[in-house]
There are 2 protein chains.
Amino acid sequence: MWSKQRFLPTFSQVGIISQMGVNSMVIHYPNGQSYRPLTNSKYEKKPRSTKNEKIIFGNRGMSLEDELNASNEYYLKNQQAVIHKKPVPIQIVQVDYPKRSAAVIKEAYFKQASTTDYNGVYKGYYLDFEAKETRNQTSFPLNNFHSHQVKHMQACVQQGGICFTIIKFSSTQELFLLPAAVLFRYWEKRTTNRKSIPKKVISSQGFPINYEYQPLIPYLTKVDLLIEELK
Amino acid sequence: MWSKQRFLPTFSQVGIISQMGVNSMVIHYPNGQSYRPLTNSKYEKKPRSTKNEKIIFGNRGMSLEDELNASNEYYLKNQQAVIHKKPVPIQIVQVDYPKRSAAVIKEAYFKQASTTDYNGVYKGYYLDFEAKETRNQTSFPLNNFHSHQVKHMQACVQQGGICFTIIKFSSTQELFLLPAAVLFRYWEKRTTNRKSIPKKVISSQGFPINYEYQPLIPYLTKVDLLIEELK
């Protein structure tokens, strides 16, 4: 059912994809993967194997960031939540103002973000989270975080915000929502103890998220569980 | 008392000012005022008039954005709230990766923001607001807002967020916190009715904010009043 729907995208889906192509610039800095637009060319070149292979629903050419942006757009359109990715912070050095055309930034540098990437409001709660992808198979390395990001999440939790990380294991396409409390515990012991969170801990103390049709990453259903715990 | 303290800044104040000079790039696009660093040179060149002039506490060379950033930094350090200004959204076109040095953005353009400038968490509440300065003396022109900013605030309010605008009348250095509901009312009638909010309405239905020593703009005391209304 899923794969049929993928090749007959709905109007709104086409809208999201084309908007992404025009408006959003995916920045991979400095050594990230390059952006691959959603395309069926892979399947056109080589017919799908008829062997009994496992069908993986996510990551058909989309990065975790693209998947989350599409999911957040769905949530916004359906008035379920207002969550946005923050723009990449830039230090602008030189700007040209040509006559009769838009200002051009001629020299600028990437700055280190002082917060997490995503935040917003859902059912009156402040949500704040990072999205991280790893190729590791058995654990999630803590060097994926900067200390100011963890500090920021700690400050948000202290103010009553709900913080977490969405972790994707690329090799298996598995997704988890990991509550910030688990991250904090491993973060504090990273100098004396291990420098990563075991996948076993992530799957037992976090919440697995399955890819769905719409939204692609239905993470708010897991946030509902975090809200239940707060009550 | 105030003016004496200004010329004997505390250690933390010096810290904030110097950090701002190094880390923050104030962008005035396309026709804004240029950034003037905090300095006493004005007073050194020309001795202060001894006439009975009115002392204005705010805006000693700082833009409203600088003043709010300093206030938010104070709130963060004192664990009272976590509020940040979002980075300016940029469409990056060309990036150079020189050997042994940082990536340089060689061509980029300013994008229109799809949200407001400031958001964060305070006492468990999601806050979302714009900061606007006007030279008008009797009203606040609604063309200071883009429709997507108002739509964003409406979506946030619907999710239980607290939204408002901090308005500064430059000529008198007066500051007001205007609840989003008042803006929405005037915004909806802007095509049939007047295209600005009268200052009288802002001062009667909004909350005046007086500049203080620390934080410079103590707007959270007015947010407390909005929270009281929600209860």
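Glycine is treated like the rest: Cβ placed from N, Cα and C.
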*Binding-site annotation, TrEMBL, Mg(2+): partner of B:Thr115, B:Asp117, B:Gln149 in B:Glu107, B:Glu130*: B:Glu130
*Of B:Thr115, B:Asp117, B:Glu130, B:Lys132, B:Gln149, chain A-adjacent recorded positions (C-beta under 8 angstroms)*: B:Thr115
_Extra residues within 8 Å (Cβ to Cβ centroid of B:Thr115, B:Asp117, B:Glu130, B:Gln149), Mg(2+)_ = B:Lys86, B:Ala113, B:Thr116, B:Tyr118, B:Asp128, B:Phe129, B:His152, B:Met153
_B:Lys132 (site 'Transition state stabilizer') to B:Thr115 (Mg(2+) binding site) - Cα separation in whole Å_ = 14
*Would you count the other CB atoms within 10 A of the CB of B:Thr115 (Mg(2+) binding site), including those on all shown protein chains?*
22
*Starting from each candidate's C-beta and looking 10 angstroms out, tell me which of the binding-site residues B:Asp117, B:Glu130 has the most other C-beta atoms.*
B:Glu130
*asked:* Quick check on the recorded positions B:Lys132, B:Gln149: which one has the highest count of other Cβ atoms within 10 Å of its Cβ?
replied: B:Gln149
